[in-house]
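Participant: If you scroll down you'll find the structure; I have some questions about it.
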Amino acid sequence: VHGRHVVAAARAARATASRPPAGGSTMREAMASFVAKLTFREMCVVLREQRGWRQAHDFFSWMKLQLCYEPSVVAYTILLRAYGNASKIELAEEAFLEMLEAGVEPDAVACGTLLCVYARRGRHGDMMLFYAATRRRGVAPPVSAFNFMLSSLQKHRLHGKVIHLWKHMMEMEEANNVVPNHFTYTVVIGSFVKAGLLEEAMDVLGKMRASRLVPEEATYSCLISLSSRHGRGEQVVMLYEEMRAHGIVPSNYTCASLLALYDKSEDYSKALSLFSEMERSRVVIDEVIYGILIRIYGKIGLYDDAQRTFEEIVSAGLLSDEQTYVAMAQVHMNARNYDKALQVLGLMRSRNVKPSKFSYGALLRCHVAREDIAAAEDVFRALCKYGLPDVFCCNDLLRLYVKLGQLEKASAFILKMRKEDIQLDEALCMTVMEVCCKSGMITDADKILKEMNNGGVTMKSSTMVSIIEMYARNRTSVMQEQDSSSKALACQTDSSALNATLKSLLDTPGGSSIACQLIRKLAREGEETRYHTDHGVHA
């Protein structure tokens, strides 16, 4: 392509790399025989062929001494690239300023080259400042420079800046012919997914489809995972089918996301069908997938299959995840084989798998089912070391106390929960009210009812009716013990207690409906409930 003298000049310049640096004299000596023999364009070719930044620097200095030299954006861009490849940012900046001082207007390629230099070294602040300057000059960097910047920002988890830069690209797309390519779409979709912006990620996928570009498996995988977390089951299936239509074999991560979705939506037939497809496609099945499969087998009553799968994991040496042990233990608990469940959890401890709140919760449920108070209390104390236990664990232990008639322990446990400000859910609230009523803790029951009326707990109307009826009846029985008059003893439910409760219900959203249900329930049992009609409640 080039003349022999050009090739010889390039070799002579590169050969100076083996000599000790001596300023520009070494390059001048090497190029002495080429003076006045190279055109400006040929000198640019020689400059481009230099492999080291020092040779490029020295040769460019020699170029500027030649009669045919003229300041050009082409030569400066080649020099910028040489500095950038060696991460010599200061030299690149000096070369760019020199270009401006020489009256050379930088073009998109020159600006893009310096942007890539900043991106390569992670100098994102300088990169964005220089990018803003190029925009003010009306220069649109090439898509390759945008890709370099986007990739660098994403590697440093600056997904917000990736999205910001993408929006600029969309503004420039038509005016400056900055057309995103496959790499651009892949990076941008990944950042939208990392930011949890599903709709925006799907919009970018739509643009990618319109450009007739096929996403990679990793792109489909992250979109499927995010769609699954957002509960978009139909979208997950659509993405999976689209991926398969393109002949892309799903990864085990993608399959795990799909299996988890099918498990959550209780679509077990599709889950088992997918597992069979994975085996046919020879997808590597990891422990996460096996754990989901064990959980599904347990839910549909295939306990032997769950046990067989668990044994396969053990024999394959894949068993290391706490969740897999807990999944198998849960299968045994569903089958009421609590001793086997304890054996599985014991195996986990013997293999030095670090337990968490997740496995302690399963162990607590197991001891509660076996009605072993001492063991359940030990597990609960261990659970408390990880912070406040969740409402499910609290309710499990409290129900055990109630079931075994340990009302003193139950009452003390409730006081401890209230002291630690554990927020009650519907089930726990029902259990707490039951204990309060059985133990005569009317003051605490009053406080709990007020908290409910203030909107602290959302629950079904049937649960509210049961709680309020239990509260009202128990409050009456306490008042009867305090009042020995025959009139008080003749009443089963004190109307003043009910009136106060019903009145407070009307201040609660949806409370009038619950009040009506309670009145009708008491009326069917023969209660004489009087309530002032000016409150707007009629049986």
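Placement of Cβ uses the backbone N, Cα and C atoms for every residue, glycine included.
Positions annotated as domain 'PROP1-like PPR' by TrEMBL: 264-379. Positions annotated as repeat 'PPR' by TrEMBL: 72-106, 107-141, 181-215, 216-250, 251-285, 286-320, 321-355, 390-424, 425-459.
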Participant: Can you name the far-off residues of the same chain, 6+ from the ends of the repeat 'PPR' (107-141), with a Cβ under 8 Å from a Cβ of it?
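Facilitator: Same-chain contacts beyond the ends: 73, 76-77, 80-81, 83-84, 87, 89, 92-93, 96, 99, 148-149, 151-153, 156, 158, 161, 165, 168, 172, 175-176, 178.
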Participant: So what's near the repeat 'PPR' (286-320) in sequence-distant terms, Cβ-Cβ under 8 Å and 6+ beyond its ends?
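Facilitator: For the repeat 'PPR' (286-320), the nonlocal Cβ contacts are 252, 255-256, 259-260, 262-263, 266, 268, 271-272, 275, 278, 327-328, 330-332, 334-335, 344, 351, 353.
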Participant: Between 0 and 100, where does the mean pLDDT of the repeat 'PPR' (216-250) sit?
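Facilitator: Here the predicted model's pLDDT, averaged over the repeat 'PPR' (216-250), is 94.
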